[in-house]
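Some features that TrEMBL has for this protein:
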DOMAIN    B:56-243  domain 'ABC transmembrane type-1'
TRANSMEM  B:7-25  transmembrane segment
TRANSMEM  B:60-81  transmembrane segment
TRANSMEM  B:93-118  transmembrane segment
TRANSMEM  B:124-140  transmembrane segment
TRANSMEM  B:168-190  transmembrane segment
TRANSMEM  B:196-215  transmembrane segment
TRANSMEM  B:227-249  transmembrane segment
Amino acid sequence: MTNSIELTGISKSYGGLTALGKVDLTVKRNEILTLLGPSGCGKTTLMRIIAGFEEPTTGKVVIDGKDSTSLPPEQRPVNMVFQKYALFPHLDVFDNVAFGLRLKKKPKDEIKREVTKALELVQLEGFKNRWISELSGGQAQRVALARALVNRPAVLLLDEPLAALDLKIRHHMLNEIKRIHEETSTTFVYVTHDQDEAMILSDRVVLLNKGGIEQIGGPQEMYWSPRTLFAAKFFGDTNIVNGTYGLADTSNGFVDLPFGRYAHTAKNSLGAGPVNVSIRPETIGLEPALGATLADGAFAGKVKDTSFIGNRVIYRVAVAGGTIDLKCQQLPTPGSHTLAPGSDVALTCKPDSFVVIPA
Amino acid sequence: MIRLFTYVYMLFLYAPIAIITLFSFHSSASLSFPFEGFSTQWYEALFSSSDFMTALTNSAIVAAGSTVLTTLLGTFSALALMRMKGRVKSVFAFMNFAPIALPGLFLGIALVIFFSLIGLPRSLLTVVIGHTLFTFPFFVESVRSRLEYFDLSFEEAARDLGATPLKAFWLVTLPIIGPTIAGAAILAVALSMDEFLITVFVTGSDTTLPLMILSMMRRAVSPTINAASVFMLVVTIAIIVIAGLVMTLRRRRLELERAETAE
């Protein structure tokens, strides 16, 4: 059995409002899968359906091979780290972490052993007797992790766990979560709206939008091969250029853009027609224009503004007679001058890196 | 300047109580100065009066009965309020609160009519019902504002860790809201002990303490009234003090347990 979770035909509606359309999803054993999307996309609803706090309007939830659709949360082999941690304020750290084990009536010495191990895993060994109110945000989050993982669930759900933390701690905690995942080999389902977290952490990303799955893939695939306009615009920065796709012959295509025609064969069997082309800023070559004639394949542009960020420079360049602005990203070398607004530049594109999406 | 104002204000507030207490120990039957001497005769008269003891017992029974009912109903209401959202919640909260503004007179009259309609004779039972209705909105209001801060994810976390809804309530919700409920219950007891207006309407032949004090005033004005009033004051203060002590002792005991199991 390679799948931790299988969701088939899951949908959720409240009265007239549809939170989730028909969703099919499998979560592979031991992977870190991230549900990613803007607020209102349905990622939290989907996670709560897996946990058992919401009942799906239609569909089936199979966890570890067992149909769990109508099982209440306390009977599912799933544990959750809540967004605000939900640590019990009337119990100390030890009792919080031991809570699940005590409910299962495990023997005292086993509980002590497991809780100690769990606290060691999250690096909070000396914190057994602390009260919840005495913990910092990062410490509280680690206690929440320990409290969930000590029960050895088949699946660990993490509901935007880093949302309440400072930026500096967030990166540290991301690495902690990765380490803990490797040490426990549990399936993780992570929910966030932050694309950086998703990219850094995940084996696979599920991009959700308005209650439906836009695309599923690994971080690289999501970045370089988005299949919809929403997906292309969601990850990082990109230029969306309107153009036309045409077929020179059965195995070769081309893209007509306002600043030139490029040979590009679309991956899925795309027919001729209007398209949106996603061009990543870092794939556009930029050189100062030396004279009136341009090199082969280059097209003219004028810099509109310059943003020096340190490890990169972003130029906004007006091309095609000023009708389109293209964002271009360059790596500055120490001592080099960044081009000032108004400079004439020659741009080159790499058509292999185009992503062509039907309009 | 402000300090002077504060002293005058305190004097204004506590002077009547001080004078009443003073004259409850008066050796003569006069309720005006000059003060002739100390005596506990009025207290002795009070406690040897079977009418007084009966009224006291009745007040205690009514306070206990109505507080238990109010606490049960009020806790369920509070739990329901925690789960409501938006407009339904506001309406429900308002409906819980509105009776506080209702004149006791109205409630008293309405209850009398109601009891006679359903054929329930007026007795201590009707007084208990009246007091429950009276203290209920105070209980819910005092619990509701603190419960705004109760996060439902506590219960979800408990269930996620394997607790049935009942166990989640018992192990997590109740301990967290316990102190709030207890405080509101004490308020209910104090309100019931003091309640007069509704009681006058709905009681049969049974007297409660406030009623008895009124009838004493009608019959003969003597320091016995003072003694009875001071007694009521002491009882109310005692309830609150004992409650506070119980809480503090409980906390201290828990801290000792923590220290013992710590390494």
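Including glycine, each Cβ sits where the backbone N, Cα and C put it.
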Distal contacts, the transmembrane segment (B:93-118) - CB-CB under 8 A, six or more residues away: 77, 81, 126, 129-130, 133-134, 136-138, 140-141, 144, 195, 197-198, 200-202
The transmembrane segment (B:227-249) touching the transmembrane segment (B:60-81) per 3+ Cβ pairs under 8 Å rule: no
Candidates B:7-25, B:124-140, B:168-190, B:227-249; stretch with most C-beta pairs under 8 Å toward the transmembrane segment (B:196-215): B:124-140
Leading stretch by Cβ pairs under 8 Å, where the reference is the transmembrane segment (B:7-25) and the options are B:124-140, B:168-190, B:227-249: B:227-249
